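> Sequence annotations record features per position, and here Swiss-Prot assigns active site to 466. Swiss-Prot lists 244, 245, 246, 247, 248, 249, 250, 251 with the feature ATP binding site, giving sequence analysis as the kind of evidence. Residues or ranges marked as Zn(2+) binding site in Swiss-Prot: 465, 469, 543. Taken from Swiss-Prot, the feature region 'Disordered' covers 165-184. The annotation topological domain 'Stromal' is assigned in Swiss-Prot to 1-12, 157-663 on the grounds of sequence analysis. The topological domain 'Lumenal' feature in Swiss-Prot is assigned to 34-135; the stated evidence is sequence analysis. The transmembrane segment annotation in Swiss-Prot covers 13-33, 136-156, and the record cites sequence analysis as its basis.
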């Protein structure tokens, strides 16, 4: 925009401001009630037909009603829409001389006309004369507030549009030439398609999820050499949905596809579609696919698609809100009346359970790829990728780190090595050692390290509590192995006991669940066995919540109780408006609920008694372990097992099935 156009735009703003100022000045002039009302009063005084000039004396309305009852009123003339009346009264009691009096008629005097007719009074009505000046002033007065609101809103939109357009040429209306152009821009996607995307990520940077990587390598091959697949009648998948917990590499996979395919690529978040203005989301979806059609083959990546793809009609009454309109448009664009050839939509979410069924069907998202946390071999491969630019000590084994980080995803493993590097730099070490790795693992799992426990009594209580957990984990065959026991406070915990969980958490036996319940109750059992029931602390509150949840799942989900092999809970649990709607919390009778409560109590009591028995039978081992723990504040699982092995038989396990009643 040249200098002349810029000056013209500024003149437009000045004229708008001047118009608003004139309206405000006029409003202030009318509010003063000086010039106008003086002029109006002078006009009325000079007008012989005005009510003020018809009668000089006033009379109260109550007195008027009294005169009507006595028959003294002969004629009455109404002025100003019946608000003022001029009456002519005559009577012998009034000196037989007619009097003309002015009366102000109150609002709501509906019975006056009837009384006048009964008294045979001559009634005359005079229509109000049009006061042009007053009409204009009333009209302007009624337009002042709406005009100011419109003007302020107009200027607000211009300022917002100028900020969004990042205008550098000095024009107040931006390069679009005005607010109308910018308002139309609300339905446009601001991000441009990357013709040759350079994300810096390729499939060489992806590790630990080889099966998933193979799926996407096939899509990349299809985009590069479609004839290889079309020769046998195959068509490219229209959509791929990545599902998995946070931090497992879903977004990283999309970056790798963009870096490998070398085709136009555009990425957008699901939350960018929905705005406060109705219809903007659907317009942005249309604009997105219009851009993609201009550069086919093309890849569209929608991150966190659950922000716009939630189940329609959720909640009470459903509703056709902005999110549903956006979803409907997305469904149409992906597989509607018009076909989109050469456009591959890749989406990622960690809440696939709340997505709309129409979005998940073949033809839209042909493939649903689950990205789970990596296994041990996958973690080793991921650690090798992230350790490329880290100076690790030769004594460090990635296999050992992978063994200690069961359940970690790619993002957590990357953060782990980064935390270890930060700790090494803080201690001014040239390389990352085993100590830094251990501290980083503890920091990622439990949080920042807190000050040591100074009070000897509390330290001893915490030591017995944590040793109780570790004792059960060491002695029970079905329990996870002890990894570490520490008295160093981290986060809100005064002490911690780590276990090495099973590599496949999806397959857990009944004995493993029961052993975990006994292990969780081991801390409280140690407190009772050593200090007595009066010295039981509140430190086991989190353990009790975990125990109750495990016992409840044994009964409701897995059929591992005396109630029998039944499942009393549906997948997804009880939800309220979270993408699906309403579901009652309990889907069984009250009588069965009582039995469930009894079973929960039975399981927890039997497991707690077992934990107390373990502490009583292995008191010497427990005391020795606590002595070493208080002295060193940290014991590894191997060190703890050596202490226990001198005075306890490893492992000890009982048949729990016989303890649970069938009825």
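Cβ from N, Cα, C; glycine included.
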> If I take the alpha carbons of residue 247 (ATP binding site) and residue 469 (Zn(2+) binding site), what is the distance between them in whole Å?
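Residue 247 (ATP binding site) to residue 469 (Zn(2+) binding site), Cα-Cα distance: 30 Å.
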> If I take the Cα of residue 246 (ATP binding site) as reference, which of the binding-site residues 465, 469, 543 has the closest Cα?
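In terms of Cα distance, residue 246 (ATP binding site) lies closest to 543.
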> Within the same chain, and leaving aside 244, 245, 246, 247, 248, 249, 250, 251, name every residue whose CB is within 8 angstroms of the centroid of the CB atoms belonging to the recorded ATP site, in sequence order.
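Checked against the 8 Å cutoff, the neighbours are 242, 348, 350, 371, 409, 410, 411.
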> Around the recorded Zn(2+) site, report the further residues of that chain (criterion: Cβ within 8 Å of the mean position of the Cβ atoms of 465, 469, 543; site residues excluded), sequence-ordered.
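Not counting the recorded site residues, we get 466, 468, 497, 520, 521, 522, 523, 524, 526, 539, 540.
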> At a 10 Å cut-off from the C-beta of residue 248 (ATP binding site), count the other C-beta atoms across all protein chains.
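Taking every protein chain into account, the count is 26.
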> Given residue 245 (ATP binding site) and residue 543 (Zn(2+) binding site), what distance in Å do their CA atoms have, once rounded to a whole number?
25
> Got a sec? Which of these binding-site residues, 244, 249, has the most Cβ atoms within 10 Å?
249
> May I ask which residues of the same chain, at least 6 positions away in sequence, place their Cβ under 8 angstroms from the Cβ of residue 543 (Zn(2+) binding site)?
520, 521, 523, 524
> Between residue 251 (ATP binding site) and residue 469 (Zn(2+) binding site), what C-alpha distance do you get in Å?
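Distance (Cα to Cα, whole Å): 38 Å.
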